[in-house]
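Trainee: For reference, the structure I am asking about is given below.
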């Protein structure tokens, strides 16, 4: 009888886990660079491209820097409606809303992506409220709708989401994603929309109120990574998870004890705040600190991009984040990004987040790619452990 109960518990746990394969594709930065548009983007956006105001705290509107999504390379699939309409999205722990382009959107960015057709879904319910997010110098606007959302065969009923009818500039036009699915706390959501993961919890679709993220940093691998909703994969990391308490519920915000370069504490000597964000590819920090950090690691500024010849990586120092008493080190090979042609760009970027939310550091994919990350809503904490890299051979539960 005891063995039967153990087996039953295991089966129940597996049933409540949703494994979402992540694909790794070219980032907007690489696409824009190949098309010769990157320097124009830096010039056009100016400082606003690298600033985030505290207006994101308002439930009616939000402000996001375009730079957050410029380097994102990891995407997953969802569907909305009945019959299902497919979309490629960023699973973003730095925001809380779900939005996709609407068929009524005529912006260039929309016409090049999958667009939601409410009239073709038998489960669609109109909401009609306006939706607004500011991205850099442009705005994403739309209306709210309600429909079922499916992630890897698991369907969330009555999910409120945004249908964008206008998207900013030409930047999203070159992106590999249609929309964004936010995984942050509900109080960060525009228009007080309940996030998808919160509805999964409320509708008993996941076994545990947490999720794990693995990002494969090998550019030659077909396996981009995996998002596990309702659990985490112990085979993806070594040792034990180091649990870090959330300091402010909104973003997945934590305390960083200090930041070292070559073993010497340079930044955050008295501690500082950081958010763990799958929707930001790089590691960002206050622009003054990041400029110093670029000098410490030895990269040079060329047309707004910091980098060096890849042949010099062995001469560069490691950068270490001390979090909850443990050191998380990144080698030059881990924090520098190979752009091709023997050039490597810095994985650090200046981003000024104004008070009261900031200043903040953002631990994006450059960090998460080296440390498996578990986001635990039930206990309001984040767990980290060194990633174990291996190729995925099956999609088993």
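Just so it is clear, glycine is given a Cβ too, placed from its N, Cα and C backbone atoms.
What Swiss-Prot lists as signal peptide is 1-16. Marked as domain 'Peptidase A1' by Swiss-Prot on the basis of sequence analysis: 74-385. What Swiss-Prot lists as active site is 92, 277. Look at Swiss-Prot and you will find 105-110, 268-272, 310-344 tagged as disulfide bond. Feature annotation from Swiss-Prot assigns N-linked glycosylation site to 139.
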Trainee: Does anything in the same chain, at least 6 positions from residue 105 (disulfide bond), have a Cβ under 8 Å from its Cβ, and if so what?
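Mentor: The list for residue 105 (disulfide bond) reads 111, 115, 142, 163, 164, 165, 166, 167, given in order along the sequence.
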Trainee: Which residue, of the disulfide-bonded residues 268, 344, has its CB surrounded by the fewest other CB atoms within 10 A?
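Mentor: Counting other Cβ atoms within 10 Å of each of the disulfide-bonded residues 268, 344 gives the minimum at 268.
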Trainee: When you measure from the Cβ of residue 310 (disulfide bond), how many other Cβ atoms are you left with inside 10 Å?
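Mentor: Its Cβ has 19 other Cβ atoms within 10 Å.
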Trainee: Which of these recorded positions is closest to residue 277 (active site) if you go by CA atoms: 92, 268, 310, 344?
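Mentor: Of the recorded positions 92, 268, 310, 344, 92 has its Cα closest to that of residue 277 (active site).
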Trainee: Would you say which of the active-site residues 92, 277 has the most Cβ atoms within 10 Å of its own Cβ?
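Mentor: Result of the Cβ crowding comparison: 277.
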Trainee: Where residue 344 (disulfide bond) and residue 92 (active site) are concerned, what is their Cα separation in Å, rounded?
Mentor: 26
Trainee: Using C-alpha atoms, which one of the disulfide-bonded residues 268, 272, 310 comes nearest to residue 92 (active site)?
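Mentor: Result for residue 92 (active site): the nearest of the disulfide-bonded residues is 272.
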Trainee: What count of other C-beta atoms do you get within 10 angstroms of the C-beta of residue 110 (disulfide bond), across all chains shown?
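Mentor: Looking across every protein chain shown, the total is 22.
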Trainee: Restricting to the domain 'Peptidase A1' (74-385), report the mean pLDDT as a whole number.
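Mentor: That region's mean pLDDT is 94.
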Trainee: Near residue 272 (disulfide bond), which recorded positions out of 110, 139, 310 have their CA within 10 Å?
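Mentor: Checking each Cα against residue 272 (disulfide bond), there are no hits.
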Trainee: Within its own chain, what residues at least 6 apart in sequence put their Cβ under 8 Å from the Cβ of the residue listed as 'N-linked glycosylation site', listed in sequence order?
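Mentor: Those within reach of the residue listed as 'N-linked glycosylation site', by Cβ under 8 Å and sequence separation of 6 or more, are 132, 133, 166, 168.
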